[in-house]
Amino acid sequence: MNSSRPVSTGSIFPPPRKRGLITLSSVIVVCGLAGTACLLFSMQQQVGALFVIFLLLTILFYVPIPLAAYRAYALTNASYTLERDGLRLRWGLRAEDIPLPEIEWVRPAAELGFRLPLPLLAFAGGLLGARILPELGLVEFVASEEKNLLLVATPRKVYAISPADPGAFVHAFQRAIELGSLAPLPAYSSQPEAFLARVWRDAPARLLLLTGLGLTLGLLVLASLLIPGRAQISLGFNPAGLPLEAGPAARLLLLPVLAAFCYVADLILGLFFYRNDPQRPVAYLLWVAGVLTPLLLIFAVIGLV
């Protein structure tokens, strides 16, 4: 099914999404369940080698979740927009506007005569990255699947894209060439690295992020120092105001894990809102929450002493 509009107003070609979203959703669910299981097992162990192993496994399983979530968001909003005056590539924080006169040719990767090497860590839903090939030079992948890859050549590099309907894309490109460009798109390129650098240059944002990270690590150190001196500990009170049943002191590590989860969630959501100036105050509020959460938990741990 061709989801494009007439080329005069811009033809939008989305990449295939189904397989990629299934893959990324599976990664999030499996890693989340495995990480939670390892965390629960670690809380049942005495401080020792087994406890450390389960804790490290918890971290290893949780780390891919934010990356997979971002990849899923980027894939959901990805598009290739072909206009009479140029091509717009959008993929998460990656954006590229290519003036039509700079596009030298468009052809399927299957016509190269050799298999196009994929970037490292490529999988369904995320063929992202770059390769340097003797035959083509720099090739940047902005695609979701290897099947039906199209190559868009410019003087600086070749873009590998994956519109769901490659035939319609090639036809729309030929029509755009025939019509000619009246006012070529201004060349534009935005990389995720540039966006993160812009956030880092923002002094209030940098202060909040570093403070939140420092307090979260401080909470982890504080909990680790308190665990060896206690066999059991109660982490709260029941509705009657009495302490809950005491459990292994290792359960104290639940607090820095909770703080780390909140910090990462606030960081990612804050980056999402930071992109637009009107929504930027929301980003600051989220990062303030990333500071207050570990700070309050530190006070709670001190209160248990």
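Positions of Cβ are set from backbone N, Cα and C atoms, glycine also.
Automatic, uncurated: that is what TrEMBL annotation is.
Copied from TrEMBL, the annotated features are:
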type	residues	note
DOMAIN	79-175	domain 'Bacterial Pleckstrin homology'
TRANSMEM	21-43	transmembrane segment
TRANSMEM	49-70	transmembrane segment
TRANSMEM	207-229	transmembrane segment
TRANSMEM	249-272	transmembrane segment
TRANSMEM	284-304	transmembrane segment
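Of the Cβ pairs linking the transmembrane segment (284-304) with the transmembrane segment (21-43) and spaced 6 or more residues apart, fewer than 3 are under 8 Å, so the two regions do not touch.
Under DSSP, residues within the domain 'Bacterial Pleckstrin homology' (79-175) fall into helix, strand and coil as 17 helix, 45 strand, 35 coil. Between the transmembrane segment (207-229) and the transmembrane segment (249-272) there are at least 3 Cβ pairs closer than 8 Å, counting only pairs 6 or more residues apart in sequence, which means the two stretches are in contact. Here the domain 'Bacterial Pleckstrin homology' (79-175) returns a mean pLDDT of 89 for the predicted model.
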